[in-house]
Amino acid sequence: MRKRDVIIACDFSSAEETMKFLDKFREKKPFVKIGMELYYAEGPSIVREIKRRGHRIFLDLKLHDIPNTVKKAMAVLSRLDVDMCNVHAAGTIEMMRAAVEGLTREDGTRPLLIAVTQLTSTSEERMQKELLINATINDTVVKYAQNAKEAGLDGVVCSPLEAGMVKKACGEEFMTVTPGIRFADGEAGDQVRITTPARAREIGTDYIVVGRPITAAADPVAAYRRCVAEFVG
Ligand code: C5P
């Protein structure tokens with residue numbers, strides 16, 4: 001079975017702030033997520049620097065374009081030696097296949113590739129009225145996950161509350177990466193469909209992505225350890 005892990009969302013706006021945060025982790029080097037804000041502010045150098053410090057990296061840039069463009073962009077990200085990256089499943093199976101091709105290095109290795117199904121910020125009402133997707137959110141998430149599997153991807157990003165049905169539809173080996181995690185005694189912030197690290201473990205998700213409960217904690221290292229203890233055990 002795959003090893004569960006906690007990924008810290010490094011939602012900072014500069015390299016300076018990020019390094020100040022990562023400097024606190026003297027023993028275990030956590031798996032970190034670099035999102036659009038930090039990547040667009042600092043470029044590929046931030047990936048190289050964090051990698052050099054010994055962290056694994058999920059580069060969360062959510063690519064969505066024509067297949068050829070995604071393929072070429074993925075080849076660049078693959079050379080950056082990230083451990084995990086992602087695309088929007090809405091880009092179609094053809095686009096996802098192109099992403100896998102672009103990512104795959106000459107020696108056959110490649111970073112893990114996952115797909116965003118429906119963003120957790122999209123309500124069913126908006127999806128139906130604005131995007132004209134005449135289905136439930138759950139059916140859409142499952143269908144997009146099946147498309148991602150068919151295209152050869154390793155898994156999906158989804159709400160922890162959707163992880164169970166994705167596993168049921170796509171198999172235990174199909175990976176789920178889930179944000180929306182809060183401690184039972186913590187603040188929800190702007191997240192709505194949330195769950196605790198312990199409950200995420202019960203649901204059977206593979207990775208949890210945790211931002212503010214760690215980055216905004218008075219003692220981030222203690223908060224990270226608490227997440228690992230509850231989720232990984
Ligand atoms: O601070 P918080 O724990 O809410 O951070 C969650 C992280 O996961 C953020 O980087 C956010 O952009 C990301 N994310 C999310 N919901 C999604 C996809 C990504 O919260 N559906």
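Even glycines carry a Cβ here, placed using N, Cα and C.
Predicted automatically and left uncurated, TrEMBL annotations should be read as such.
If you check TrEMBL, you get these features:
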- 5-227: domain 'Orotidine 5'-phosphate decarboxylase' (DOMAIN)
- D11, K33, 60-69, T120, R182, Q191, 211-212: substrate binding site (BINDING)
- D60: active site, for OMPdecase activity (ACT_SITE)
- K62: active site, for OMPdecase activity (ACT_SITE)
- K62: active site, proton donor (ACT_SITE)
- D65: active site, for OMPdecase activity (ACT_SITE)
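Taking the Cβ of T120 (substrate binding site) as reference, residues of its chain lying under 8 Å away and at least six apart in sequence are, in sequence order, C158, S159, P179, G180, Q191, V192, R193.
Recorded residues P67 (substrate binding site) and D60 (active site, for OMPdecase activity) have their alpha carbons 18 Å apart, per Cα-Cα distance.
Among the recorded positions D11, D60, H64, T120, G211, the ones whose Cβ sits under 6 Å from an atom of ligand 1 are, in sequence order, D11, T120, G211. Around the Cβ of P67 (substrate binding site), 18 further Cβ atoms fall within 10 Å across all displayed protein chains. In the shown protein chains, 19 other C-beta atoms lie within 10 A of the C-beta of G211 (substrate binding site). The Cα of D11 (substrate binding site) lies closest to that of D60, out of the active-site residues D60, K62, D65. Sequence-distant contacts (6 or more apart, same chain, Cβ under 8 Å) of D65 (active site, for OMPdecase activity) comprise A73, G91, M95. Take the CB of D11 (substrate binding site) and look out to 10 A: across all protein chains shown you find 18 other CB atoms. Reduced to three states, the DSSP call for D60 (active site, for OMPdecase activity) is strand.
A Cα-Cα distance of 17 Å separates K62 (active site, for OMPdecase activity) from G211 (substrate binding site).
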